[in-house]
Amino acid sequence: MEDSNDDRVRGYRKPKDNPKFFGGGTWSWRLSRVWYVLCLLLALFLKCVSLVRYGVQSCSMAGAFLCTDVQARAGVQSRSMDWLSKFGYLPPPDPVTGQLQTKEALTKAIKAMQKFGGLEETGVLDQATLGLMKTPRCSLPDLSETEAVVGRRRRALTPQNKWSKRHLSWRIRTFPKESPLLGRDTVRALMYYALKVWSDISPLNFHEVAGNDADIQIDFTKADHNDGYPFDGPGGTVAHAFFPGERFTAGDTHFDDDEAWTFRSPDSHGMDLFAVAVHEFGHAIGLAHTSAIESIMRPYYQGPVGDPLKYDLPYEDKVRVWQLYGVRDSVSHTARPDDPSQTADPPVLLDLPENRSTVPPARDAPNRCTSHFDAVAQIRGEAFFFKGKYFWRLTREKHLVSLRPAQTHRFWRGLPTNLDSVDAVYERPGDHKIVFFKGLKYWIFKDNNVEEGYPRPISDFGLPMEGVDAAFVWLHNDKTYFFKDNRYWRYDDHLRRMDQGYPKDSTLWKGIPSQLDDAMRWSDGSSYFFKGKEYWRVVGSDMEVEAGYPRSIGKDWLVCTEMQSDSPATEANNTANTRLHGQHHADHAENGYEVCSCTSNSASPLGAQPSPSPLWLLALLTLSGVLSYVPL
């Protein structure tokens with residue numbers, strides 16, 4: 001019976017009997033089917049061999065699944081070539097030929113990527129290599145286009161890839177999307193500290209400003225944002241910054257707003273903003289990627305790096321910065337990182353409970369320029385000036401954190417909410433806990449959290465039940481000195497006992513007034529005594545006031561001028577004044593201190609009070625639920 005021409009086998013017609021076709025009839029149809037299958041397998045085999053030749057490590061030949069498997073591996077190869085081109089290991093695709101590459105070029109590129117990433121140089125796309133390619137990373141290439149083509153080792157950065165000036169301004173132009181994990185105040189603080197990592201070891205100085213003239217503009221953006229480095233959603237590329245030599249974008253730093261930015265996340269969730277910011281600001285001052293595993297300039301995200309105020313750059317990165325800018329000048333107003341008084345008790349980013357935006361500015365805040373102070377203390381190398389229920393804070397470089405004071409009981413959790421003032425404060429030597437005195441009671445804090453069992457009576461120190469005017473630790477002998485009226489006591493915090501032979505007459509400290517407001521030691525090794533609107537300095541182990549004192553507290557410490565007023569009402573309603581404070585910045589810097597008090601319109605919703613400045617960060621962190629404790 002003749003086969004019908006309409007009969008089909010898997011969509012193909014059976015050939016009619018033909019003596020020229022393998023003998024014709026049923027056998028010819030069967031042989032043609034076998035021939036078709038063999039041709040298909042041969043084609044797939046040849047494609048598989050091609051993929052193996054160009055770097056895919058293996059190719060499955062599992063029957064009907066072969067085609068899908070090969071297509072998947074072809075996709076892996078294509079994406080990998082895109083990746084290698086994007087980060088400088090392959091030249092950009094030719095507009096005509098696309099991504100056609102020789103086997104040798106592809107193998108060489110894979111080996112270069114593996115070497116830079118610290119992997120075994122196999123030259124094939126093995127699992128370790130593909131895994132590293134999937135690791136979140138910086139958008140900037142690892143090798144320049146010239147290096148990728150010629151194969152040279154990375155060249156030293158040229159002079160145009162560094163800043164010619166040493167004072168650089170910064171501004172957060174756009175903030176990340178609203179997140180319960182990261183408030184705006186915390187973001188500003190983390191940017192400040194990430195920049196400070198670099199300024200601590202180099203002659204560079206950073207300060208926050210308002211307006212569009214900042215040297216380093218910081219943005220949180222997403223997808224294609226018209227700078228040649230589009231973001232790709234969560235994971236992938238997470239941030240990038242432009243080198244100083246870029247004409248219009250020099251220093252600009254962009255973070256992918258699709259990422260889940262975090263700080264001190266309890267798990268591995270999200271991207272640690274501080275760690276990424278330190279890396280990107282390295283680019284902003286002229287550093288390129290490096291293959292050194294321990295370097296912060298390694299292109300791949302490596303997770304959190306620890307407490308911002310304790311983080312120390314790896315030696316590899318320090319050397320590269322020194323090669324560009326030199327070591328920080330020992331006579332700079334900013335203490336050198338190797339100054340023992342600075343490294344003995346590094347400051348700690350405190351755990352701050354509230355978001356600043358939820359706390360309206362108080363109308364009863366005192367004026368720092370017309371007030372005397374209840375207490376003054378050096379804590380973690382920074383100066384705190386307490387007045388009433390508030391305090392001002394200065395960084396160790398003598399930068400005023402904010403013109404506006406922060407509330408003491410909100411920052412130091414455990415003090416009574418109705419506490420109207422404090423009498424004295426000092427940081428205890430040895431364990432670096434912080435001691436507050438008020439009346440006949442005292443509190444001990446670990447960071448900004450009160451220890452259990454406090455307050456306790458000051459008689460624990462062996463002090464009379466009269467209260468304390470001042471307390472400070474003298475660098476000369478590491479002993480704590482308490483002053484009350486015209487007497488002083490010397491206390492050994494290590495042995496927890498008062499030294500014998502005390503109290504003594506405070507006139508032994510020649511030139512120091514009686515009934516002090518407070519005293520503190522400062523990072524320059526000197527001791528400072530405060531009363532009214534003036535202060536006195538005692539140098540080293542001397543017990544005599546230095547010539548030229550007393551001097552004005554407001555002018556020398558708190559950025560005050562004779563006619564200046566900074567009442568909350570005036571600041572909130574007078575934009576011109578806000579600008580004026582910002583303009584003072586450069587002048588004050590020349591005198592040895594700075595104030596970062598400028599505000600950015602982008603940082604506050606319409607109608608809101610201008611948000612405090614960059615360094616408000618520290619105190620600002622005060623109300624940012626993200627800042628958690630790192631041991632004092």
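Cβ coordinates are placed from backbone N, Cα and C, and glycine is handled just like the others.
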Listed co-binder of Zn(2+) 2 (same site as His279, His283, His289, Met297, source TrEMBL) among Cys138, Cys369: Cys138
Recorded Ca(2+) 4 site member, picked from Asp423, Asp431, Asp478, Asp556, that accompanies Asp374, Asp517 in TrEMBL: Asp423
Rounded distance in angstrom between the Cα atoms of His283 (Zn(2+) 2 binding site) and Asp257 (Ca(2+) 1 binding site): 19
Proximal but sequence-remote residues of the same chain as His279 (Zn(2+) 2 binding site) (Cβ under 8 Å, at least 6 apart): Cys138, Ala239, Ile296, Met297
Residues close to Ca(2+) 3 site centre defined by Asp232, Gly233, Asp256, Glu259, Cβ within 8 Å: Lys222, Phe231, Pro234, Gly235, Gly236, Thr237, Val238, Asp257, Asp258
Alpha-carbon spacing, Asp257 (Ca(2+) 1 binding site) to Glu280 (active site), which is rounded to whole Å: 15
Remaining residues near the recorded Zn(2+) 2 site, that is with C-beta within 8 Å of the centroid of the site residues Cys138, His279, His283, His289, Met297: Leu140, Ala241, Glu280, Gly282, Leu287, Ala288, Ile296, Arg298, Pro299
For Glu280 (active site), the one of Asp232, Gly233, His240, Asp256, His289 that lies nearest, given that the binding-site residues are compared by Cα: His240
CB within-chain contacts under 8 A for His225 (Zn(2+) 1 binding site), separation at least 6: Asp219, Phe231, His254
Number of Cβ atoms other than its own within 10 Å, given for His283 (Zn(2+) 2 binding site): 23
